[in-house]
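Copied over from Swiss-Prot:
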DOMAIN    131-297  domain 'Helicase ATP-binding'
BINDING   Gly144, Val145, Thr146, Gly147, Ser148, Gly149, Lys150, Thr151  ATP binding site
MOTIF     240-243  motif 'DEAH box'
DOMAIN    393-548  domain 'Helicase C-terminal'
Amino acid sequence: MQIAKILLSAVKLFPLDYLIPEDLSLNIGDLVVVPFRNKELTGIVWEFSNVPEVKKLKTIKEKVPLNLTITSEVLDLIKWMSNYYMAELGSIAKLVLPVDIAEKPIKVKEQKINNNFTLPDLSEEQKQALQMLNDSNKPILIKGVTGSGKTEVYFYLIAEYLAKGKQALVMLPEIALSTQIINRFKERFGFDPIIWNSSVTKAQKKMILRGILEDKVKIVIGARSSLFLPFKNLGLIVIDEEHDDSYKQDDGVLYNARDTAIVRSTFDKAQIVLCSATPSIETMYNANIGKYSVINLSSRYKNAVLPNIEMIDMTKEELPKNCYLSNILIKAIKNNLENKEQTLLFLNRRGYAPLMLCKSCGHKFTCKYCSSWMVVHKSSKKLECHHCGYQSKIFNSCPECLEDESLAICGPGIERIEEEAKTLFPNSKIAVISKDHVKNPEKIAQLLHQMENLEIDILIGTQMITKGYHFPNLTLVGVVDADLGSNHADLRSSERAFQLLHQVGGRAGRGNSKGMVYLQSYYPDNIIFSYIKDEREDNFFVNELEVRKAADMPPFSKMASVILSGTNEHKILEVAKNMVRIAPEAQVKILGPASSLMSKLAGKYRFRILIIADKKFNLQKYLKFWLELIKIPSFCHIKIDIDPKSFY
């Protein structure tokens with residue numbers, strides 16, 4: 001009797017066996033409707049086997065209408081991800097089919113491609129870049145200064161693939177970034193791209209999946225999950241802002257969408273293009289060893305000039321209590337307002353203040369579920385944990401010593417900078433962009449429209465505003481706390497700080513007027529600032545690679561992280577210690593166990609073991625063997641993170 005193994009997103013570990021009806025002809029990759037518990041689900045035909053008659057097996061009901069199939073290339077990607085990231089097949093299947101499409105056929109509107117595109121003229125440098133893109137058969141890095149027109153170059157490439165009848169995917173790290181790109185796309189190509197991100201409804205996702213499976217959708221702009229869409233005829237993948245940490249998923253299936261996209265491009269025989277003004281260290285390493293081709297765009301588009309960058313030594317500033325904008329920056333903002341030009345104030349910290357404490361007994365308000373401070377949000381009049389979302393009221397007296405009027409709010413958040421700016425510049429139009437202030441694409445689009453139409457004088461933003469936005473009249477950027485994030489005990493803290501400051505500075509002077517960037521710092525001699533100030537990003541990459549090589553850290557080695565978590569701190573630590581004690585002998589370096597930087601998260605205590613090995617070592621095989629040696633207690637949850645990006 002022939003059995004089909006059906007991969008279901010509802011079953012994480014392995015495909016389930018189903019009987020094949022005699023009148024049903026199936027192929028690997030076909031989408032079928034199967035009974036599962038008390039409902040019917042869509043599954044993927046994974047493989048076939050012949051077994052003696054089995055009475056208890058359920059029978060496949062039918063093929064999904066229109067005989068839709070998942071290509072062998074996507075199936076290969078699922079297998080690769082399961083092996084490389086040590087993830088359950090069903091969890092990866094849910095990435096490919098996030099909604100069930102086992103329903104009556106949905107009428108999908110086909111994207112009408114008009115090849116008479118109105119693309120703008122390219123500069124000579126951009127034309128050379130396009131020629132290199134056409135000539136290369138490797139992954140390509142477009143490394144261009146902020147505002148160099150990387151988007152215009154890959155728009156030309158998209159046009160070429162659409163003319164060939166191919167599908168194209170443009171990946172962006174944030175939903176917020178998509179608004180301006182979509183508008184530019186519609187302006188250039190004359191039709192709407194399909195958008196795929198967390199704001200897309202379930203019904204819309206069903207329609208999009210159908211359209212892709214029927215090859216009616218030609219161009220998708222999406223977040224990291226768009227990588228798993230079941231394209232039939234994928235010709236091009238573009239990863240914009242490839243360095244961004246948002247491409248790494250830290251829950252569910254732990255994967256890096258950038259790295260997985262490169263693998264997918266090999267399966268689909270598609271061209272892949274990585275874009276960034278500040279590429280990741282891993283990408284620069286691959287470029288240096290010849291694995292990737294590199295295109296350098298050294299000039300800003302339409303001859304715009306790069307901004308000047310100046311340090312402000314905050315140790316020499318005498319500021320009033322609870323004020324955070326230096327006299328130099330205030331004067332520059334006043335100048336900008338007089339010249340009718342826009343200003344961006346950047347602080348990568350949400351809320352009003354990062355800490356509330358008691359001046360009498362020293363009590364700090366921390367999250368009851370996490371090892372983190374509660375952030376003061378004045379606008380909502382609440383304390384909030386930015387890790388698990390727990391909220392509480394703002395107290396009038398200390399809950400520990402009961403002292404009245406003893407509570408102090410420490411440090412600035414973005415709301416506090418807004419308050420200070422409104423006091424200093426009462427007649428200016430001020431807006432704030434952060435996850436708390438703009439929670440959906442419509443709000444973002446509205447704010448961007450206001451910026452473009454000069455309805456905002458001062459924009460105050462978190463890292464949301466650093467990625468790819470183009471405001472021609474924005475000529476001044478003030479970084480309120482340039483030290484934030486640069487001194488963390490983290491492999492990538494210097495890299496992240498450099499990228500963030502470089503990107504936010506790149507928002508200034510993208511139009512006809514030259515820009516100015518001020519970095520406020522209590523440690524102005526930090527070497528990172530000199531790299532940014534003197535436009536020596538290549539020196540930064542060389543130095544950072546040397547540091548990593550000396551420490552035998554990625555990209556010169558492989559790394560995996562084993563995270564153990566549970567509600568009993570002592571028991572979890574004992575499991576972690578025992579795991580290290582029985583680790584198989586091999587050419588690996590094992591560090592830990594140690595408390596994660598976030599030692600308690602959502603009520604669970606967390607310990608981390610790091611494993612470092614030579615690049616040629618089969619780390620996954622080693623980890624599988626190691627995990628088979630230990631019986632994991634039910635109170636302990638284990639996650640494997642291959643190529644970890646953070647250590648929180």
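Note that Cβ sites are derived from N, Cα and C of the backbone, with glycine treated the same way.
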Three-state secondary structure, which DSSP defines for Gly144 (ATP binding site): strand
Local Cβ density at Ser148 (ATP binding site) - other Cβ atoms counted within 10 Å: 26
Candidate with the highest Cβ count within 10 Å, taken from the binding-site residues Thr146, Thr151: Thr146
Summary of DSSP states over the motif 'DEAH box' (240-243), given as helix, strand and coil counts: 0 helix, 0 strand, 4 coil
Close in space, distant in sequence - Gly144 (ATP binding site), Cβ under 8 Å, 6 or more apart: Lys150, Cys275, Ala277, Ile295, Asn296, Leu297, Ser298
Under 8 Å by Cβ from Val145 (ATP binding site), same chain, sequence gap 6 or more: Ala277, Leu297, Ser298, Ser299, Arg300, Leu306, Gly506
Packing count at Lys150 (ATP binding site) (other Cβ atoms within 10 Å of its Cβ): 26
The one of Gly147, Gly149 whose CB sees the fewest other CB atoms within 10 Å, among these binding-site residues: Gly149
For the motif 'DEAH box' (240-243), mean pLDDT (0 to 100): 94
